[in-house]
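Here's the structure we're looking at; comments come further down.
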There are 4 protein chains.
Amino acid sequence: MTDAKDQNEAIRQLLAGIKGFRARYYERRPDSMRQLVTEGQHPEVLMIGCSDSRVDPALLTQAEPGELFVVRNVANLVPPYQPDGSYHGTSAAIEYAVKVLKVSHVIVLGHAQCGGIQGLIRLRTGQATDDDFVSPWVSIAGPACDPYIAGTSEEASQGDIDRLQQFPDVVERAAVRASVENLMTFPFVRERVEAGTLSLHGWWFDLETGDLWSIDPQTKIFLPVE
Amino acid sequence: MTDAKDQNEAIRQLLAGIKGFRARYYERRPDSMRQLVTEGQHPEVLMIGCSDSRVDPALLTQAEPGELFVVRNVANLVPPYQPDGSYHGTSAAIEYAVKVLKVSHVIVLGHAQCGGIQGLIRLRTGQATDDDFVSPWVSIAGPACDPYIAGTSEEASQGDIDRLQQFPDVVERAAVRASVENLMTFPFVRERVEAGTLSLHGWWFDLETGDLWSIDPQTKIFLPVE
Amino acid sequence: MTDAKDQNEAIRQLLAGIKGFRARYYERRPDSMRQLVTEGQHPEVLMIGCSDSRVDPALLTQAEPGELFVVRNVANLVPPYQPDGSYHGTSAAIEYAVKVLKVSHVIVLGHAQCGGIQGLIRLRTGQATDDDFVSPWVSIAGPACDPYIAGTSEEASQGDIDRLQQFPDVVERAAVRASVENLMTFPFVRERVEAGTLSLHGWWFDLETGDLWSIDPQTKIFLPVE
Amino acid sequence: MTDAKDQNEAIRQLLAGIKGFRARYYERRPDSMRQLVTEGQHPEVLMIGCSDSRVDPALLTQAEPGELFVVRNVANLVPPYQPDGSYHGTSAAIEYAVKVLKVSHVIVLGHAQCGGIQGLIRLRTGQATDDDFVSPWVSIAGPACDPYIAGTSEEASQGDIDRLQQFPDVVERAAVRASVENLMTFPFVRERVEAGTLSLHGWWFDLETGDLWSIDPQTKIFLPVE
């Protein structure tokens, strides 16, 4: 948080960035953007990433405009299929990507030092939370967390809490696995996966080392890539 | 959608991109990333953008890791404040950004050629829709659309439909305005806006020309920037 | 200049940069580099720039590999045509670009705060110089400097010296103009310019403001671009 | 070479690139450029590269403005020390980098598919050449080439010629080695190298694979990096 002058500075810099984008993509190399405008987007990949400012899907993968259809929410979570008519932003994006854009891949991208997963750990170990939306939202991955604590959240021992806070990455990866599993509860996802036209991927980016881990298709275990 | 060989190619390219990211941000210029790891993220801006692959907030604003906390959903929508304990991904991200990260700015970033807004126009003009999540989700901005059609969706004339499909940008901008207004229904947002520690912004990016429009704080009208 | 540890650090960072280049141009987006390898280079532009680390032609123009054939020397100078069999690096590059690569443009790119031009001013105002190569080299542009001092270097008044040191940009631009004129002493350049297949350009980049100036084809005067 | 319309297009694109540079380095992230303007340049590295458009030192090493003082000429050659008062562009840049800027490193950067080295091979194998400057210039590296042909250029057998044209990379690397050796003929270079304040490096970039080779300090043999 900054004072009024710096506030304007942040906005001014973003506007300068857009000016640079316009110079680059509309004047310097207009071909690809022009094609994206006249022919529409045809991304092959839906990436479901975290809102965390340090793990930007486009920067991380050096993507150009048009390559990635992106959902970003707290803790890169996929809720289960619930077609109840209420507002489901992530599910709507998955539906649009899979049914309208016909992407070939859905990647759930988790990462180290995830604040949302910290919130989940606090929640499931019985620590006090004080929010309207974060706790209900991250509870999507609650069942994924439970195997890593001895009992229920009410009964979590201090040892459980310490261990989880020391090794939150096991929960982060379990949450990615849970989101990939939730993807399979969407009929239009399952159908395409079983038909071989859609692949699901679970990735976890180690913010501290820059290494990427991914779920091995056979063993379902996270392994470092390369 | 591509055949099996190309499918693997898309993933292989993303992995190569991450290798390049690691070379750049962990080896070539490790200082900023190392600081983001040891001190955590301190973004000044929450940007709520569309999942559309052509309008990536980081690319568009030439942001570096750590600068933007980002939500991306279909049509960059903010639902109204509904603390009912169900899964509200966008609201959770807004809460985290405002209450935990204490951002100074929230920017709703709309854009031209928005597929989600096309869906909304179809929905509100009584055309057939066939989806589980997209229609309910985009209906968040429904009231913003209504002033631009003569009557209710049941009664929409062909002229109404034609006009909206020809000028969807008025609906796109109305939807941004509606999302900014919905932000003010969150008590923790309103409180900070009224205290002067948080600013709300409504932007619309003209994908065809590269121009940015923003809501003028006085008149509430969208004006081209610069 | 740095101590031994930092010395190695500088090299280590360049090697990391090359690793990133390889990831980007050989793995992430291999098409353009592969084409440059199999079909050879076909740049349309020869750019003759300064060795100054702050004015890199590729960075300044956001060029990709293959776009610019580049000469860089102290003060972006073009010597006159002297086919005497001795070592003429800049002339060899001009010959190769024009006769072998058949570029369509030659751009001489000068800039503000040029250390080479500072050396020229010292030289032509009778100040002591102590070097083997810089003074003879920058004397290429000596005649371009003379109109801006009252008399010969031996007679330069303190006022002359002060004025030139205060407004070195007039000399920097005069030197660009002189280099463009020297280009026309090369028969193979003149021939193509007169045939309309080669264009010569004189640019000056204002390092302090980021503005570019270029020689107006009609008046031969430097004018700001845009 | 292009027609008149495309000619203007090439220039227009470079100007758009400069506009993007200005947006990025003067508006989006002005700090580093502002410092380079007020404090002057302090590069640690002089890089002597080829004019070839595919091997740009800044792009290849992902350098930012201010990092590399750069000479670019045909075949990245360093002539021997000849303080005879005539125009020696490369020597002037070396002198400026070493004596004024006090760089810690000089890197000679060669590369595969070097047109200048092809010219040298033609020259030393007695093939016809028809130029004013390229042949004299590349003859700087002539002695480096000779060990790889059986006799003098007059006597080169067709086998010699074929072998060299098939494996020009041995000559490219020999030429880099010769340039590094020529650097040591400059008293102000030798003095600093012997004092341990300046390091010399010979690199060769394999354009076909993206691999970098460098001269091993002990054995003087080129080895792949990593």
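A Cβ is built for glycine as well, from the same backbone N, Cα and C atoms used for every other residue.
Under the heading Zn(2+) binding site, TrEMBL lists D:Cys50, D:Asp52, D:His111, D:Cys114. The DSSP secondary structure for D:His111 (Zn(2+) binding site) is strand.
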Revision key, fill the gap. Around the recorded Zn(2+) site (D:Cys50, D:Asp52, D:His111, D:Cys114), other residues with Cβ within 8 Å of the Cβ centre, ordered by sequence, are D:Gly49, D:Ser51, D:Arg54, D:Val55, D:Ala75, D:Asn76, D:Gly110, D:Ala112, D:Gln113, D:Gly115, D:Gly116, D:Ile117, D:Glu172, D:Phe205, D:Leu207
Review point. Can you name the residues of this chain that are 6 or more positions from D:Asp52 (Zn(2+) binding site) yet have a C-beta less than 8 Å from its C-beta?
Key: D:His111, D:Gln113, D:Cys114, D:Gly115
Revision key, fill the gap. Under a three-state DSSP reduction, the secondary structure at D:Cys50 (Zn(2+) binding site) is strand
Point to revise | Of D:Cys50, D:Asp52, D:Cys114, chain C-adjacent binding-site residues (C-beta under 8 angstroms) | key: D:Asp52
